[in-house]
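Asks: Mind looking over this structure? Questions follow.
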Amino acid sequence: MGVLRHVVCAMSGGVDSSVSALLLKRMGYHVTGVFMKNWDSQEEKGLCSSDRDCEDAYKVCKMLDIPFHEVSYVKEYWHEVFSNLLWEYERGRTPNPDIICNKHIKFKHFYQYAVNTLGADAMATGHYARTSQEDEEVFQQKLTEAPKSLFRDRFEIRKPVRLYQGADLLKDQTFFLSQISQDALRHTLFPLAGLTKGYVKKIAAEAGFQHVLKKKESMGICFIGKRDFENFILEYLEPRPGNFVSIEDGQIMGKHKGWFTLTLGQRARIGGRADAWFVVDKDVTTADVFVCPSTFHPALFRDTLQTDRFHWIAEEPPAELVHTQMMDCHFCFNNRMPLTPCTVTLNLDGSVWVMVKEPMRGMATGQFAVLYKGHECLGSGKIIRLGPTKFALQKDQSNTNCLHKDTNQQHPEPHS
């Protein structure tokens, strides 16, 4: 009789993690369900439903007759995710807490808890994603430390595990997994890898998981709940009012409560104005937020960005990029957007420049640039610098044309 493999499944109280636990048990594994509490909602007037989610996860584990545990990462989440979120917003950036949470909480602290405390052979989550490993290969992996240099040891014989989009491309969640470590990925199972959301719901219905099936799919950030983002963020950051300024003529259009309540591309709520204006830039030194009068204004579009040191899931850049310093692939900075063709340039410090084929709307610093080659998610880097907008380039071209015109007028062609 073979060894009974122990898999710890992260339980959120939702349909995806519930079906993941069910499938793992059907595969013959010894499954333990664990609910993570990452946010203390005692002072949030019940807006974050973590208590109900925990109860729902417990009910599923009871129905499956598997052990259930609850673990708190409230302190870790505050210091490693939420504090970082506030720091980024104060500097005018637009962070992604879901990517940061997966990196630091689910695939670091929870992963270590599963392996070291519960003695798991592997962990599992309900993400719609897959890897290059067969399930049995996951159990053969050894724990190793992440490389401390830009490239891993060339003399280390270690085939990297690769992250791929799941079968349901509409629900693919590799975007949110683009910062996780190679070591955690090696020890993770994704039971929903080959399934569609519709089929997962069918499995849940047949299993009698009605209490999770009827729940609305979580969208957005849990700790904000149903509140307006501006009201939420102002509970943690002091209001810093400033002006809405037209990008076209410098006219003051109205007042705002703080640049950190706004992100590039969103509609600016300017009192007394019925027409739509959109955020195109922020100056944290003057508190000015620059706006434009159309959702398709050229000031919202740009085609170039730079990241910080890029996190390659396979621990090193693709050979093509190392050899030529340039590579064609696909890019996105928002999980709801389609993948866009781009060219990537590798810098000596490990950062990358990304140039997309067509200018894109609403890119902002603090967001993550996620790269794909085919269906493989290569990794991501935080956007630290943006190239010029179409509007800025048009102005430069206009000024250059005016300069040439003035020069020609000052030095007219001699008459023949």
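Cβ coordinates are placed from backbone N, Cα and C, and glycine is handled just like the others.
I grabbed these lines from Swiss-Prot:
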type: ACT_SITE; residues: Cys101; note: active site, nucleophile
type: ACT_SITE; residues: Cys222; note: active site, cysteine persulfide intermediate
type: BINDING; residues: Ala10, Met11, Ser12, Gly13, Gly14, Val15, Asp16, Ser17, Met36, Gly126; note: ATP binding site
type: COMPBIAS; residues: 403-416; note: compositional bias 'Basic and acidic residues'
type: DISULFID; residues: Cys101-Cys222; note: disulfide bond
type: REGION; residues: 397-416; note: region 'Disordered'
type: SITE; residues: His127; note: site 'Interaction with tRNA'
type: SITE; residues: Arg267; note: site 'Interaction with tRNA'
type: SITE; residues: Gln367; note: site 'Interaction with tRNA'
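Neighbours and distances for these, please.
Replies: Counted within 10 Å of its Cβ, the other Cβ atoms near Cys101 (active site, nucleophile) come to 24, all protein chains included. The DSSP secondary structure for Cys101 (active site, nucleophile) is helix.
Look at Ala10 (ATP binding site): DSSP puts it in a strand. Sequence-distant neighbours of Ala10 (ATP binding site) (same chain, 6+ apart, CB under 8 A from its CB) are Ser17, Val34, Met36, Lys106, Phe110, Met123, Ala124, Thr125, Gly126.
Contacts of His127 (site 'Interaction with tRNA') defined by a Cβ separation under 8 A and a same-chain sequence distance of 6+ are given as Asp16, Gly166, Gln173, Phe176, Leu177, Phe190, Leu192, in order along the sequence.
Residue environment of Arg267 (site 'Interaction with tRNA') contains 12 other Cβ atoms, counted within 10 Å of its Cβ in all protein chains.
Gln367 (site 'Interaction with tRNA') falls outside any helix or strand according to DSSP and counts as coil. Just so you know, the Cβ of Gln367 (site 'Interaction with tRNA') picks up 24 other Cβ atoms within 10 Å once every protein chain is counted.
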Asks: What is the nearest of the recorded positions Ser12, Gly14, Cys101 to Gln367 (site 'Interaction with tRNA'), using the Cα of each?
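Replies: Checking each of Ser12, Gly14, Cys101 against Gln367 (site 'Interaction with tRNA'), the shortest Cα distance is to Cys101.
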Asks: Roughly how many Å separate the Cα of Gly14 (ATP binding site) from that of Cys101 (active site, nucleophile), to the nearest whole number?
Replies: 18
Asks: Count the other Cβ atoms sitting within 10 Å of the Cβ of Asp16 (ATP binding site), across every protein chain shown.
Replies: 22
Asks: List, in sequence order, the same-chain residues at least six positions removed whose CB sits under 8 Å from that of Ser12 (ATP binding site)?
Replies: Phe35, Met36, Asp53, Ala57, Gly126
Asks: Would you mind reading off the Cα separation of Cys101 (active site, nucleophile) from Arg267 (site 'Interaction with tRNA'), to the nearest angstrom?
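Replies: Cys101 (active site, nucleophile) to Arg267 (site 'Interaction with tRNA'), Cα-Cα distance: 27 Å.
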